[in-house]
Amino acid sequence: MDTLLIATFEILSFGAIVVLVVLGLGIIASMMGIFNFAQGEFVLLGAYVTYLMHSVGLPVPLGMLAAPVAVGTLGFVLEKLVVRRFYAAPIVAMLGTYALGLIIREAVRGLTGGLYLSVPEPISGSITIGSLHFAAWRGVIVIITLLVMAASHALLAYTSFGLRVRASLENPQLARASGISTGMIYSVTFAFGAALAGLAGALIVPVFSLFADLGIRFLIQGFVAVMVGGVGSFAGPVAGAGVIGTFSAWLPWLMSPVIADVLVFVLAIIFIKFRPQGLVSGRGVNR
Amino acid sequence: MSSTGTGTQPPPHVIEAARSPVMASAIAGRTKVLPILELALLIAASIAPLVLRDYITVYATRVLILCLFALSFDLVWGYAGILSLGQSLFFGTAGYGVALLSRDFGVASIFAVLPAGTLIGFVAALLLAGFLLLGRHPSSVVFVSLGTMTGAYAADRLARGSHYLGGQNGIPSIPPMTIGSHELSEGPGFYYLVLAILVLIYLLSRFLLRSQFGLALAGLRENEQRIAFFGYNVQHLKAIIFAISGAIAGASGSLYAFHEGFVWTNMLGVVMSTQVVLYVLFGSGTLIGAVIGTAIVEGLSFWLSDNYRDIWPIILGVLLLLVILFRPLGLISLVLGERERVGHFGPSLKEKRNAAP
């Protein structure tokens, strides 16, 4: 019973990390119809910003607050300069964002000197409930993820900004005709997606430590999750992230971690092959 | 020639020139850039070992092997529009395959390992294509690139975790390849062998792409739906070219394994896949562009890696991005017109049309 509870907590906390990464990816894919291959590197960049703030002596939580802002700003600028040229050509967009990711990854590799760098957990120790011990920081990740999810959903479903975003998603021409600046909406949405990735990177860096190829794994995981969940809706990517996160955290309990890691992806690819529309095939944001 | 009415002389690469058949044929007749380029490169490559120092010849051999690899990626991305982010899967699998062949069975004859590597690449690509591309639902481009990328990542992870494959260290000290009783070690001999293979495969690919099949592929890249409406089975076309490219990648992977003398996990994984994407930035959609791109990227890396080791990959990334943004056809489009890039099909027909207006 105790092992089960701890396993559940592990699965929950890992699933939360995947959800954070995927939320940004899913929003960008649903909105703009492009798959952002630089998303993993946005995660990496968030982790790097946190490390940078820590290394100059600032407290880690401050770095974690700065990371989404910095990455979001960069995302905004990149959207204005580069990504917006790709909306008409989704295939070229993949190569273009891949190049963007490459630049960020190699820049971070140069800056870190190719080392594995660690950042301490801002809240260390564990929470004890009865005879069970939970890593406190992982608990914080779960709580923050839940808050971010709720806030994102509220933003999209209940605010006038969210209404505009949904309008641009459903029918860009009509949205433009109604006086919504879809270009601006796209920029902000891309920045928002990037910021979410930055936040994810900042939160996970104490758990995974910082290295240049951190993003690649999350990129594949994120993509697989988005496609398992289904592009186009808010619930789809979140559901996909839940499934992938659960399997990624659960399978290593049954078999060797290497096999488990690969098996999750292979199973997911097979699933997508036979159900291309994903778990949630609807479009839009349910209220 | 005066039929266009514009006083200015358009540069040869301007696509508009192709609008008037008279102009196009005139320009195409005047500036056949592609064969000249190919011939010049072949001559340069043939005399290179005579003037280069030995250690550079060894490096040049590696570049030629990578050219072969780039060619395989160019076939799928530049021609069929399949973004295979896991091309290293075939390259690495074949490399590991021949390494195991030589380690466990003592086979090092070129007549055994090269076909074996090619076959491994072909079968691996065929299996992956069969799964990713064929089926009741046509697969989206994103799905295919994600699937190939996952394949490469999975292979990398499995090789890293496998004791049989040497784990992180890979398989070291592969004995040199043999032709009969002659041992083929690094140097001019190996160089000319690779050059011969490269030229052969280049010519085969060129022949393939200038056939009806190649035209259908080019159409696939430009407008997949229209090709489907014409009655082609798009999925089969894609699977065929994917398997062919896998075979070429396999051949280059097995050559690479024997040339370097060891195989390691980077050959399988995302690192190598990224590299091959960079190679074709100088001209996807032309075979020669992939070769030139590889030579330039690797040459510059060799030259710059002493002083600018850290920022060189960043420069490459920026270059790739700029090319994608401003020259989607690759840098080669600066010297090569659109018409020549796709190739001529049925030139005699065109002559007739011009003769009898």
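Positions of Cβ are set from backbone N, Cα and C atoms, glycine also.
Just so you know, TrEMBL annotations are computer predictions that nobody has curated.
Summarising the annotation, TrEMBL assigns transmembrane segment to A:12-35, A:42-66, A:86-104, A:140-163, A:183-211, A:223-244, A:250-272.
Tertiary neighbourhood of the transmembrane segment (A:86-104): same-chain residues 32-42, 44-45, 78, 186, 215, 219, selected by CB-CB distance under 8 Å and a gap of 6+ residues from either end.
Ranked by Cβ pairs under 8 Å to the transmembrane segment (A:42-66), the stretches A:12-35, A:140-163, A:183-211, A:223-244, A:250-272 are led by A:183-211.
With respect to Cβ pairs under 8 Å, the transmembrane segment (A:12-35) is most closely packed against A:223-244, considering the stretches A:183-211, A:223-244, A:250-272.
For the transmembrane segment (A:140-163), same-chain residues at least 6 beyond its ends with a Cβ under 8 Å from one of its own Cβ atoms are 12-13, 16-17, 19-20, 23, 27, 123, 196, 199, 203-204, 207, 234, 238, 285-287. Listed by sequence, the residues of this chain that lie at least six past the ends of the transmembrane segment (A:250-272) yet keep a Cβ under 8 A from its Cβ atoms are 7, 11, 220-221, 224-225, 227-228, 244, 278. Counting residues 6+ beyond its ends, the transmembrane segment (A:223-244) has Cβ neighbours under 8 Å at 15, 18-19, 21-23, 25-27, 29-30, 35, 149, 152-153, 156-157, 264-265, 268-269, 271-272, 277-286 in the same chain.
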